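K.L.:
First the structure, which I've put down as structure tokens, then a few questions once you've had a look.
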Amino acid sequence: LFLAVCAVGIGGTFQYGYNVSIINAPTQHIHKFLNETWTSRYHKELNPDLLTFLWSVIASIFSLGGLCGALIGGSMAIRLGRKGALLMNNVTAILASILMGISFPTGLFELLIAGRFLIGINSGIGFCVQPLYIGEVAPKHLRGGLAMGTSIFLTGGILTGQIIGLRQETYFIFPVLELLGGEKHWPLLLSSSCVPAFAQLLFLPWFPESPRYLLIDRGDELSCAKALKRFHGSSEYRREMEDIQRECFALDGEKPKKPWQLFTDRGVRWQLITVIVMTMGQQLSGINAIYFYATYVFEQAGILAEKIPYVTLGTGVCECLTALSCGLLIDSVGRRYLIIGGYLLMTLWCTVLTFSLTYQELYSWLPYLSMTCVFAFILSFGLGPGGITNTLTAELFVQSSRPAASMIAGTVSWISFFTIGMLFPFIVNGLKQYCFVVFLLECFFVAAFIFLIIPETKNKSFLEIKKEFHKLNFGRNA
């Protein structure tokens, strides 16, 4: 099971995290490439405003691709299977890597834009399908910990991108990465996304398809039993087989639903509202503001400019370690305690950070308090919303609704990601450090919603979780 999680993670959410952070490293080189290409093509210099626009397109079209990937990911998971969809998705990553790799030698920045769009599609599909596969192969007593593989590989991808994005003078630690960080070789850096894709194509075929998909969607009981024996062993697989058969019987041949059908299905009303609120809450929680203010906070704390990349790298390490910690705690502590506690702690740190940033000129120790709040906020995010959100999305729905719910969650996530990217500069410019007041209110609201609505899902089957929501969807007397 652990190896299966690694096989789906390396070509799934790792790609998402890696490609979100990797674009920051060659920013100056890409600017120079755009200027030189424009000058050689049109025999005039590129207007600074147009340069900013082209760079914004290259950076943000990844989100548009992710949205498109989320919209088709559920359908691919139904038609090709969870494993088949992930394997086919790697073709998109390889094609994207080729386009980004040849953009510099051909002098066509349009290929770079197309490659970023395609790698966005790849990330959107992986972000949608990976939690389905992991949630369906894991036994209920290990489902939370294994499902955390989604967040662990995402944060691992971000951390890998941050390491590669270290400044040139720091590359003596990573001599191999100096080749990729150099001005002439940045296309290789962007096209390195093919490495996780080839790794998944090499390892994932050795693992079976999702047993739930095989029995409930395909009706193939023999293949389901074989898959369960591979995952759980010959002595333990029968318990999982009985659980899948009960769900199959309860669904009574119900076909996989389309996303728009969930909006009219009263039986999943509160599950759907919950997923939308949690997904928006995760993206709009203020984690982007924390990273935006991190460099400024570190400067105020007296850290030398050339050392700040290392401290920023520490935030990535911090987030990765908390995702691992959450994976160890989730099946013992439970989902509710971790996610509610995470949001409440984030509310606290936003309050303290607003205070410390406002009055840091008055007291010499306040910049250090601000720096502590940055790391504490990232720790709280990783222990709660950063990891639990994706786990709950896969748990709150039965087999017929799960792919459609994953598509909706992915779509909301990418739209929120794009929206906060567009609005965030205006929020910061208008409110300065008081932007954290907006985020603390949002964190408190989401914590209250989860406390009032979401039941504990630890050690419960998908049918048992559905029964918990039945009272909310149809009333206490139903």
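Placed from the backbone N, Cα and C atoms, the Cβ positions cover glycine too.
Below, the features straight out of TrEMBL:
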| type | residues | note |
| --- | --- | --- |
| DOMAIN | 5-458 | domain 'Major facilitator superfamily (MFS) profile' |
| TRANSMEM | 53-73 | transmembrane segment |
| TRANSMEM | 85-105 | transmembrane segment |
| TRANSMEM | 111-134 | transmembrane segment |
| TRANSMEM | 146-166 | transmembrane segment |
| TRANSMEM | 186-207 | transmembrane segment |
| TRANSMEM | 272-296 | transmembrane segment |
| TRANSMEM | 337-359 | transmembrane segment |
| TRANSMEM | 365-383 | transmembrane segment |
| TRANSMEM | 404-428 | transmembrane segment |
| TRANSMEM | 434-454 | transmembrane segment |
K.L.:
With contact taken as 3 or more Cβ pairs under 8 angstroms (pairs 6 or more apart in sequence), are the transmembrane segment (53-73) and the transmembrane segment (111-134) in contact?
P.N.:
yes
K.L.:
Among 111-134, 337-359, 434-454, point out the range having the most Cβ pairs under 8 angstroms from the transmembrane segment (85-105).
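P.N.:
Going through each listed stretch, the top one turns out to be 111-134.
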K.L.:
Within the domain 'Major facilitator superfamily (MFS) profile' (5-458), what mean pLDDT does the predicted structure show?
P.N.:
85
